[in-house]
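Let me begin by handing over the structure; questions about it come next.
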Amino acid sequence: MKSIAQEHDCLLIDLDGTVFCGRQPTGGAVQSLSQVRSRKLFVTNNASRSADEVAAHLCELGFTATGEDVVTSAQSAAHLLAGQLAPGARVLIVGTEALANEVAAVGLRPVRRFEDRPDAVVQGLSMTTGWSDLAEAALAIRAGALWVAANVDPTLPTERGLLPGNGSMVAALRTATGMDPRVAGKPAPALMTEAVARGDFRAALVVGDRLDTDIEGANAAGLPSLMVLTGVNSAWDAVYAEPVRRPTYIGHDLRSLHQDSKLLAVAPQPGWQIDVGGGAVTVCANGDVDDLEFIDDGLSIVRAVASAVWEARAADLHQRPLRIEAGDERARAALQRWSLMRSDHPVTSVGTQ
């Protein structure tokens, strides 16, 4: 039996919420990634640090990485700008010096003030971004400057919890200018395609925790995806995800990379019988306890219910709400573990919590 990691020659792995939360690795991440023999590329929407700085942070946490293993939204944003502007054009930086350095590396001139007459504005996460930075950017955008956001993640997973992400700052400028930026990072496919282009890869797999960036980005790039439940989105979010945000596989954490892809796939599961009708998805246990435990990593019910809900949604032109119900006590306990028994809840965008 091959593991899902062995089936793919390249893993495009998200960082925040997938590999680590702030300064803490996620469960089993260090050991799991050390055992993966496929090429590992860390693909991050976080534009606050350079590729070398990201690699150094990974090494501090016990991982093995170099700058060549890291693909950042700052790099993607700089490439996007270089394709739109003449060499030497001025770009107002709302973000860190790492972002400014990426802009300079593609032959553009980083500036920080509206008085420098910028041709474009690029915005990435910085913990020190303040009102004055946003004010300079707002003036430039209103004056016609091209506006590029490294990403629009509304939150940033940390060991303290979810903190404001770059998307929260982007929202402030949207409100102030009435304009929308071009987005360089996930879910736009450019970041994924740039990563895959770093080698002759034939079977890449995207691994991440966010439906609205990692998984939607994988789907946009035509790549399979493994959703892990260590960051922003939950099992319930996956069950009710919009089609563009539906993962191919669901696992607990990065230890799932060493499981069989057939176990991880969102599909009907032998341990559960599911009936759909009357606005309800009814789940019953199927088989004896020993057999169920043998094939189940605890998430089989999530994969089974997600498969059933997605199929039901595809067949319902009116997109009516669905209830998830337990047909027996074993199903009830499994559904309650993942908070899936929320009745009469309309299906909406669930990219963030």
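Cβ coordinates come from backbone N, Cα and C, glycine included.
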Suppose a student reads Swiss-Prot and sees Asp14, Asp16 listed for Mg(2+). Which of Asp180, Asp200, Asp209 should they find annotated at that same site?
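As annotated by Swiss-Prot, Asp14, Asp16 share the Mg(2+) site with Asp209, chosen from Asp180, Asp200, Asp209.
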10 Å Cβ neighbour count around Asp14 (active site, nucleophile)?
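Asp14 (active site, nucleophile): 24 neighbouring Cβ atoms within 10 Å.
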Tally every other Cβ atom lying within 10 Å of the Cβ atom of Asp16 (active site, proton donor).
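Asp16 (active site, proton donor) is surrounded by 24 other Cβ atoms within 10 Å.
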Quick one: pull the CA-CA distance for Asp14 (active site, nucleophile) versus Asp209 (Mg(2+) binding site), whole Å only.
8
Other than Asp14, Asp16, Asp209 themselves, what residues in this chain have Cβ atoms within 8 Å of the centroid of the Mg(2+) site's Cβ atoms?
Leu15, Gly17, Thr18, Val19, Thr44, Pro157, Gly208, Arg210, Thr213, Asp214, Thr230, Gly231, Val232
